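To keep things clear, I will list the structure first and then write my remarks on it.
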Amino acid sequence: MGTVAPNLMEVSATASVHKENGVVANPPKELDAGALFVLKSQGSWLHCGYHLTTSIVAPVLLSLPFALTLLGWVGGLICLALAGLVTFYSYNLLSLVLEHQEKLGHRQLRFRDMARDILGPGWGKYFVGPLQFWICYGAVIACTLLGGQSLKFIYLLSNPDGKMKLYQFITMFGGVTLFLAQMPSFHSLRHINLVSLILCLAYSACVMAGSIYIGHSDKAPVRDYTVKGSAKDRNFGIFNAISIIATTYASGIIPEIQATLAPPVKGKMFKGLCVCYSVIVTTYFSVAISGYWAFGNQAMGTVLTNFMGDEKPLLPTWFLLMTNVFTLLQVSAVTVVYLQPTNEVFEKKFADPKMPQFSIRNVVPRLILRSLSVVVATTFAAMLPFFGDIMALFGAFGCIPLDFILPMIFYNVTFKPSKQSLIFWVNTLIAGVSFLLVGVGAVASVRQIVLDAKTYRLFANM
């Protein structure tokens, strides 16, 4: 089976080319333009930590107090901790497989490369590749929608009687993304993603402080921590909450992030994951616990909605503006990170790896195609302001297989642990339970779409 080989810089670093009797043994294949230009292998483990944090820690974490309303204190915190442990373990397994393949001279730079080389060509071409592409592009649409909603929220705070519509704010956010999408490579986002890391800490601190302030004020709602609804609603709510929590930990681009590391990569991904999960523990638990403590089972889909109160805001306007600006800026970084798989596919198909990256031959199609992808994503976000419900369905079919199932399969197939070993059965158990969650999560997502369908309208001002 074919493999993606290192570029010339990597060849010299790993000494993968040897001459024997004047003949080159195992000569590396040339990289395609997507790997050569978008997935440049020049980063450090710290840069990797920035990329990982931006790909995982996003404003969706503001939904965690709502997830706890569906599970209660004990169930919610157990699920939150378990999901963190499982994904940290899962992402480390992916990294170990990638490091092992590099030792064999087959450095894999993309998720579909792993599936192709480990499971067979069909898996990469017809399952993992398309699945990852549409999940990442769906995340771009969802982030564009969220960015537009944040802009509208800021506008209404400063101008409560404003007449501007949601699609206008989505278009504005799309204009910013149009500019950021021209960043040439994943590695070139390292400074943006450092700022993103700081911003997610900032708005999480604001949410925690706001929740504690409201909880101790005379404006505090009457707190009730019982799980609401009929037995049927509570059962569906459990799976809905698990889907929310799983989505907050999802990445889907771990191999592409590891591809940005300068070789040799051994041990660097683990350090990057430690950076990322230190931020995750700090933000996820502080937001989930403080938000649920302050609002109980009245916590809404995003805790920022609770801050607005029933009649007037429960926090000063300047504080709400600051929190939303932090959120808006960070979601723009998340959007650009999830554009990278799309950019890589376009570069592979339309760029010439034998020409310089910034030659007219490569710059013109890059500018046109990246701009077109942003315009299409912005149009879908404006047309479908209920896209979050659809994305939940995509998440069940995409995020769980990519982040919870395939890493276990890749490890077991690559290293072939004994069927009597603990690691084999742990991996099998995680993959099996996750497979069941795909089905149940999909059913819960479809049910939610049906319940919300009466509010669906193209270009709705939600």
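For all residues, glycine too, the Cβ spot is worked out from N, Cα and C.
Curation does not apply to TrEMBL; its annotations are automatic.
Database features (TrEMBL):
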{"type": "DOMAIN", "residues": "42-444", "note": "domain 'Amino acid transporter transmembrane'"}
{"type": "TRANSMEM", "residues": "70-94", "note": "transmembrane segment"}
{"type": "TRANSMEM", "residues": "134-154", "note": "transmembrane segment"}
{"type": "TRANSMEM", "residues": "166-182", "note": "transmembrane segment"}
{"type": "TRANSMEM", "residues": "194-216", "note": "transmembrane segment"}
{"type": "TRANSMEM", "residues": "236-254", "note": "transmembrane segment"}
{"type": "TRANSMEM", "residues": "275-295", "note": "transmembrane segment"}
{"type": "TRANSMEM", "residues": "315-339", "note": "transmembrane segment"}
{"type": "TRANSMEM", "residues": "367-384", "note": "transmembrane segment"}
{"type": "TRANSMEM", "residues": "390-410", "note": "transmembrane segment"}
{"type": "TRANSMEM", "residues": "422-444", "note": "transmembrane segment"}
Inset, instruction - Answer yes if the transmembrane segment (367-384) and the transmembrane segment (275-295) have at least three CB pairs under 8 Å among residue pairs 6 or more apart in sequence, and no otherwise. - result: no
Inset, instruction - With a Cβ cut-off under 8 Å, give me the same-chain residues at least six positions beyond the ends of the transmembrane segment (315-339) that come close to it. - result: 51, 54-55, 58-59, 62, 136-137, 139-140, 143-144, 146-147, 150-151, 153-154, 157-158, 173, 176-177, 180-181, 183, 186, 189, 192-193, 195-196, 199-200, 202-203, 206-207, 210, 213-214, 253, 304, 307-308, 370, 373-374
Inset, instruction - Please give the sequence-distant neighbours of the transmembrane segment (70-94): residues at least 6 beyond its ends with Cβ less than 8 Å from one of its Cβ atoms. - result: 52, 64, 114, 225-227, 234, 237-238, 240-242, 245-246, 248-251, 254-255, 258, 269-270, 273, 277, 280-281, 284-285, 288-289, 292, 403-404, 407-408, 410-411, 427, 430
Legend entry - Positions on the same chain near the transmembrane segment (422-444), where near means CB under 8 A and six or more residues out: 86, 89-90, 93, 236, 239-240, 242-243, 246, 392-393, 395-397, 400-401, 404-405, 408-409, 411-412
Legend entry - Long-range environment of the transmembrane segment (194-216) - Cβ separation under 8 angstroms, sequence gap at least 6: 49-50, 53-54, 57-59, 61-62, 223, 279, 282-283, 286-287, 290-291, 293-295, 303-304, 306-307, 314-315, 319, 322-323, 326-327, 329-330, 333-334
Inset, instruction - Report, as numbers and ranges, which residues of the same chain sit near the transmembrane segment (166-182): CB under 8 Å and 6 or more residues beyond its ends. - result: 140, 144-145, 147-152, 155, 192, 328, 332, 335-336, 339, 343, 366-367, 370-371, 373-375, 377-378, 381-383, 385, 459-462
Inset, instruction - Using a Cβ-Cβ cut-off of under 8 Å, list the residues of the same chain that are 6+ residues beyond the ends of the transmembrane segment (134-154) and lie near it. - result: 58-59, 164, 166-167, 169-174, 176-177, 252-253, 304, 321, 324-325, 327-328, 331-332, 334-335, 338-342, 373-374, 377-378, 380-382, 384-385, 387-388, 390-391, 394-395, 398-399, 402, 462
Inset, instruction - With a Cβ cut-off under 8 Å, give me the same-chain residues at least six positions beyond the ends of the transmembrane segment (275-295) that come close to it. - result: 45-46, 48-50, 52-53, 56-57, 61-62, 64-65, 67-69, 73, 76-77, 80, 84, 88, 197, 200-201, 204-205, 207-208, 211-212, 214-215, 220-221, 223, 225, 248-249, 303, 306
